[in-house]
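In what follows, a single structure is set out as structure tokens and then discussed.
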Amino acid sequence: MNVLEERILKDGIVKEGNVLKVDSFLNHQMDIDLFDEMGKEFKRRFADKPINKILTIEASGIGIACIVARQFKVPVVFAKKSQSINLEGEMYVAEVESFTHKCQNNVIVAQKFLSDRDHVLIIDDFLANGCALQGLIQIVQSAGATVEGIGIAIEKGFQSGGRSIRNLGFQLESLAIVDKMNAETGEIKFREQ
Ligand code: G4P
Ligand code: NA
Ligand code: NA
């Protein structure tokens with residue numbers, strides 16, 4: 001078991017509706033020593049890739065992405081979310097559906113921060129249905145840049161995002177994959193990897 005999995009067992013809380021609360025160390029209060037360990041692990045898993053940029057999405061991906069960027073010594077770009085935009089300036093825009101919030105969102109990156117010379121590692125805190133991630137991939141592809149890999153802290157393996165994205169051929173590395181969780185007993189089962 002890795003340090004993130006251990007921490008999830010220690011401090012994660014399983015809520016009704018298949019929600020895992022990790023706000024005491026991951027996406028509200030943030031444990032930076034833990035993030036450092038996660039950053040090193042992503043560096044190991046993507047060591048052979050010519051990554052020159054990290055892409056994430058606001059809000060909770062940003063903290064992790066910055067720590068991962070330290071390992072790769074590259075800049076971080078975060079995509080902005082908004083419900084509607086006037087298409088002013090030069091931006092890449094992807095439309096994504098939020099299952100949780102039941103609405104359409106735009107995911108936006110300024111064109112000047114992503115080009116066909118970029119080799120991108122996408123980082124995010126959670127992968128559930130993968131809609132946000134699909135939006136990020138679409139944006140990288142619109143720029144003519146290369147997705148070198150995708151690094152996720154916690155994947156909910158019982159939702160469809162991970163499978164669809166691996167089926168597209170991307171190297172998707174999740175540090176913890178939760179295959180089962182139970183709100184009544186608090187039990188959490190990780191995928192062996
Ligand atoms: P997806 O299709 O992009 O995979 O996401 P989904 O709509 O299923 O989830 C919407 C939001 O809820 C995402 O954050 C996602 O990270 C988060 N999320 C999904 N499952 C869990 C969970 O079990 N626990 C926690 N804590 N979060 C979960 P967001 O609203 O897009 O972004 P942010 O502003 O919070 O970063
Ligand atoms: Na989130
Ligand atoms: Na997120």
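Each residue, glycine too, has its Cβ placed from N, Cα and C.
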Among K112, K156, K180, which is the one TrEMBL gives for the xanthine site where L20, N27 also bind? K156
What count of other C-beta atoms do you get within 10 angstroms of the C-beta of C131 (5-phospho-alpha-D-ribose 1-diphosphate binding site), across all chains shown? 18
Three-state secondary structure, which DSSP defines for C131 (5-phospho-alpha-D-ribose 1-diphosphate binding site): helix
Return only the integer: C-alpha distance in Å from A128 (5-phospho-alpha-D-ribose 1-diphosphate binding site) to L20 (xanthine binding site). 11
Average model confidence [pLDDT] within the domain 'Phosphoribosyltransferase' (44-153): 93
